[in-house]
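To start, the structure itself, in C-alpha cells.
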Amino acid sequence: MADNATRHYISSFFLIGIPGLQDFHCWIGLPVCLLFALTLLGNSVIIVTIKLEPSLHQPMYVFLCMLAMNDVALALSTAPKMLGIFWLDGHWLDFNLCLAQMYFIRTFCIVESALLVAMAFDHYVAICIPLRYTTILTTPMVIKMGLIGITRAVLMVFPGPFLIKRLPYYSKYVINHAYCEHMAVVKLANANTHVNRAYGISVALSVMMLDLGLIATSYIKILQAVFRLSSQNARSKALGTCAAHVCTILVSYTPALFSFLTHRIGKKVPPSVHIIFASVYLVVPPTVNPLVYGAKTKQIRDQVVGLFLPNRKNSKN
C-alpha cells in the first residue's frame, strides 16, 4: 500500500513513431503527407461529385459517399499526429487524448468494414435479383444500413477506453507506435490485462469473421449468378462492376490482418515492419479508395471530368 501511495499515474504517453527508423522520420513524413493530401482531395471530389449529380443519387453511390466521408474522418484522426511526430518531434500525447484517438480510429475502422459489407450486399442485389433492386434498397433501407454500421461500431468500441482507464499506469509511458494503438497501450499497464486483451481480440475477430463471412457469401452468390449468364459481354460487365469493390476489400483487409496477426503471433517480425504495416492500414486505404472507384466506375469518372473540365464533357456530348 505504501509503495502504491508513492506512485503517480502518468498523464501523457510518448509515441516513438517508427522504432529503429527515427533518423528517417523526416523522410517518412513525406509519403504520409502526400497520402494525407490525396485522401482529402480524392474523397472530397467523390463526395462533392455524388452530392451535385442527381444521377448518382443511387444506393451504390450513397454507400460510396459514406465510405469517402468515413475515410476523411479516419485520415484526420491519424495523419496529423503522425506528421507531428515525424516533422515536429511532437511525440507527447495527453492520456485522455490518446484514448480519444484510439476510440475514433477503431470506430472508423469498424464503420469502414460495415460499409464494405453494405456495398457487397448492394452488388449482390443488383446482379442476383435486379428486378427487386429498387424495392429492396430503398432510401430508408440505405439510411438504416448506414446507421446500423455506425451504431455497431460505437457500441463495440465504447468499453475500450473505460477498460483502459481502470488500469494503473505508473512507469511505462513509451508507445512503440506512430499512433495510440489499443494493444500497444494495454501492454504498458502495471496490472493484469487479460480482460483488455480478451476484449481487443473478441472485437477484432468478431468484426473480421462476421464481415468477411458476409462479403464472401455475397460474392459466392454473385459468381454463381454471373457464370450462369449466357453472354460473355454480360459476364464481363457484371464482374467489372465488382472490380473496384474487390480492390477496396483487398487494400483494407490485407494490412489489417497482417497487423492483427503480428501483434499476437508474429514474435519474430521486426517492430519497424509491424508498425509500418499498422500505419499503412490506416493511411493507404483512404487514399486508394477514391482512386480505385474513380478509375473503375465510368459514371463517377465522367462526372468528375464534367465537374473540372466542362468543355471537354460538352465536346464529347
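Including glycine, each Cβ sits where the backbone N, Cα and C put it.
Those TrEMBL annotations? Automatic predictions, nothing curated.
Model, not experiment: these values are computed from the prediction.
What TrEMBL lists as domain 'G-protein coupled receptors family 1 profile' is 42-293. For 27-48, 60-83, 103-121, 142-164, 198-217, 238-261, 273-293, the entry in TrEMBL reads transmembrane segment.
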Original post:
Sequence-remote contacts (6 or more beyond its ends) of the transmembrane segment (142-164), Cβ cut-off under 8 Å?
Top reply: 59, 62-63, 66, 99-100, 102-103, 106-108, 110-111, 114-115, 117-118, 121, 182, 185-186, 189, 195-196, 199-200, 203, 206-207
**OP:** Report, as numbers and ranges, which residues of the same chain sit near the transmembrane segment (103-121): CB under 8 Å and 6 or more residues beyond its ends.
**Re:** 60, 63-64, 66-67, 70-71, 73-74, 77-78, 145-146, 148-150, 152-154, 156-158, 160-161, 179-180, 182, 203, 207-208, 211, 214-215, 218-219, 245, 248-249, 252, 256, 282, 285
Original post:
Okay, the transmembrane segment (198-217) and the transmembrane segment (27-48): do they have at least three CB pairs under 8 Å, pairs separated by 6 or more?
Top reply: no
**OP:** Quickly jot the same-chain residues contacting the transmembrane segment (198-217) by Cβ under 8 Å, restricted to those at least six beyond its ends, or write none.
**Re:** 106, 110, 113-114, 116-117, 120-121, 156-157, 159-160, 163, 182-183, 186, 249, 253, 256-257, 260, 264
